[in-house]
């Protein structure tokens, strides 16, 4: 009978498992088709134009818009029903971050619309339809994620799996399109810079997709064309964040949620002053280095070499500081005895996987640079700084990944009740001198105003002056001894609590410092400061085209790693 009763439950999981497999395969095929279209346009394949790629992306966005509207309408009609929520998914700070990137993406879309209007005589209509559709898609998707990122879907599960996975891979394709467009622009600038560094023999004809007609308003066209490429990094981060949040939603479909209270972890600036100050110093200096780098690089051979040297020295110093901070944090963790939270958590699992997976992009570039330095026959002076820089990039990511992954898996510390009821009692000539009421009854939330009396401590019943009369001298001695013993115990609790607070303060400052450092290291590659392009030594050893392919594949993951690490470190700071 037990086996018969268990059969329906077991059999009922097969359709959902099949739906998960089918939906994932649908998404992968959707992505591969779009990836081939993108690649065909990039290499100027015969019969494939940009309008074909944009038409495909517009179709995917329209399908996602229809699904999101259907889901929102159905949720509105069932708003009175109590739904399961994943408290770990869709944190408020993550929603605020994606909203910021979405706003800048909308500005990018407006620039594209203006660019299309100025070149409308020779551009395909799809280039005007795409930014309009994308703007509508962005607005509705951000609203959807704000309202439903935490949902654990339990109805229409098969249909919802296909809808959510369609949204995931649509965002990944939009991310790929943005990465490719921005990379082609960076590559053209890189080819021009190599000439000034004396590597003219490895340059190739510029890959130009500019319109073949004149602009109606020259000044506006220049603003739009230049502004678009400075806004692309935010658009790229927006789509990858959206795809990760939607992927967590997809993983939560049909999941049984454990109903336990989730402690809120609000961000508090108090106690992280030192880490914030040092982090802001790194951020400010990094912005200055990027500005000088972009001005100097390509100006002349001497200026370009000085720009590269300046970048490497600054990066080496910052990475060394980050390694030191990470090692200190890990040593503090080794001194603590706290268990890990091994409960099922799709959002936390995805965070850990993304950290290690995207770090591989930087490791690939670093090992390529190390091999180039070892194997190259000639070494310009500035290329030697690339060796410690590449080694530190590898080590820093090892340490930082370990720190973040351990931090997000550690259980939050519970304050001991004995520490909450801490009392500091002073003994003077057999009488008790009580501290202000605030320190007497912290745990109970009220103050006792008994004149000169000390409340009962732990299990001992100490009543200060109620025992009048003689014949109790022995009892008074025993009470005094008990009071001294409990006072010593209280002081030990106080000392232990102080040590714990100091450790937490150090960890919060380290997390704040690393958070700002990761934002700082996100800025250079996102805005065109890429020594992997401008060094020139790797192109000589590996060949121009092979190395450029490696850089174009690995760089997007390296850029995303920094932003994802910053987001994870913000969460670590809140939890610590």
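Yeah, the Cβs are placed from backbone N, Cα and C, and that goes for glycine too.
As stated in TrEMBL, the feature transmembrane segment covers range 158-176 out of the listed 158-176, 177-195.
Checked against TrEMBL, the range among 3-20, 75-92, 129-146 recorded as transmembrane segment is 129-146.
At the 8 Å Cβ threshold, with sequence separation of at least 6, the transmembrane segment (386-405) lacks contact with the transmembrane segment (26-47), having fewer than 3 such pairs. By the Cβ criterion (under 8 Å, sequence separation of 6 or more), the transmembrane segment (53-72) is in contact with the transmembrane segment (129-146), since 3+ such pairs are found. The recorded stretches the transmembrane segment (271-295) and the transmembrane segment (510-528) share 3+ CB pairs below 8 A when only pairs 6 or more apart in sequence are counted, and are therefore in contact. Touching of the transmembrane segment (93-117) and the transmembrane segment (129-146) is concluded from the presence of at least three CB pairs under 8 A, sequence neighbours closer than 6 excluded. Of the Cβ pairs linking the transmembrane segment (158-176) with the transmembrane segment (510-528) and spaced 6 or more residues apart, fewer than 3 are under 8 Å, so the two regions do not touch.
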